[in-house]
């Protein structure tokens, strides 16, 4: 099916800004950040969608006005919620919030997709009342409905019946019965929902002959002639006015990059701080293993037993696995859903892609820095590592870099996969494989040549090597060792046995390089996904 789309006689597909300023599209299923409140969501939308000439105080006033119009004042400070996961506002309030988001910039035309889909009769009636209220305020509303109730049908001024992209009828609702009765000899039975009757008659599965007759009859009818004359008249008037009355329609964002960053950060910090996956759940997932490791390995890393080497190296391995995996799963559990919101808002020109991605990284950084430091602090002072600030700082610093690298790597899967489950399924094998190449589970000298490239491209290898260098390089004499045949004499021998090169600066640099490389790859994939969506 092909066609054109004109607004006030202007090709709206070529002049997209005109379409966006004159029209509002109410999605059947709107996407929200569930941890934001109703008012916060509208404030964010107002700060980025309204014209740049409007002051922030006027934007906030507009939000208050819309809250009142949509009867959302009582729930304005309630979080929106996530169905099945996080309790929030009701279904009717959610639908009203969808309308509220669209009418913020006061569009003259509203296109509404299935406004009552999935709603019970009470909620459907409330939505119809909203639509009536908006039309009373002078807005034109076009709605797509597949199963309209009698109440909804009775509230329509004009209807259009489409079959396979072809016009079966367009005109006043009150004339539809006459068209079917007089022109088609298919009168609607008494006490029958006309909308349901028309849709049944136009079902191409059962009435192929009648459908063709209906389309042909309408094409030669006075209703079609009147429609064409109206279109020509509107185009003639609009063409005369467009040269002087239409505003510039260059495709651009209403807000500049700094303003986009400001409000994206505002939303990201608020949403992230309330997201249990990113706060309480993550904290519990880290605290429990940290305490467990501390109990199991309590004072086992002290330099006074022959088992010190094995215990110390195992602790480093377990700590890195815990902090990297737990934080990575936060990304895999949240970013796929955020991406759907981003794609929709990006297509509405709320903000650009760099602002979205940079603001997300900045907002996430405090969480991904604090959690590994807390974990390492609990374990470090419990297991008996050297009580020096230098080693503790190195452990924390490398642990944070390893976490950031792991998180950056998993951004790749979270950004391109359509759901949380698919992102986890694809990422998990890579995460588990990367754990093998630290040098603890398989000696670095034993890694097959064809896997060396993978080892050198993982954060586990560099972070494990860096921390072991910090632990063993300063140890020049292991006092507990009395036989050179069964134990290491110095920390250097430990490093040599595990094939850990003395390149601390290189290890740290490579972690930074990997973080940057993973994020660049993610950003490119986001651009590709955005283009294809």
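Including glycine, each Cβ sits where the backbone N, Cα and C put it.
Unlike curated entries, TrEMBL annotations are predicted automatically.
Annotated by TrEMBL as transmembrane segment, the relevant range among 240-260, 261-281, 282-302 is 282-302. Range with TrEMBL annotation transmembrane segment, chosen from 203-222, 423-442, 443-462, is 423-442. Restricting the average to the domain 'ABC transporter' (2-117) gives a pLDDT of 87. It is 392-416 that, among the stretches 282-302, 356-380, 392-416, 423-442, forms the most Cβ pairs under 8 Å with the transmembrane segment (508-528). Panel annotation: around the transmembrane segment (356-380), residues 260-261, 264-265, 268-269, 272, 278-279, 282-283, 286-287, 289-291, 293-294, 297, 315, 319, 322-323, 326-327, 330-331, 338, 342, 346, 392, 395-396, 399-400, 402-404, 407, 519, 522-523, 526 of the same chain, lying at least six beyond its termini, place a Cβ under 8 Å from a Cβ of the stretch.
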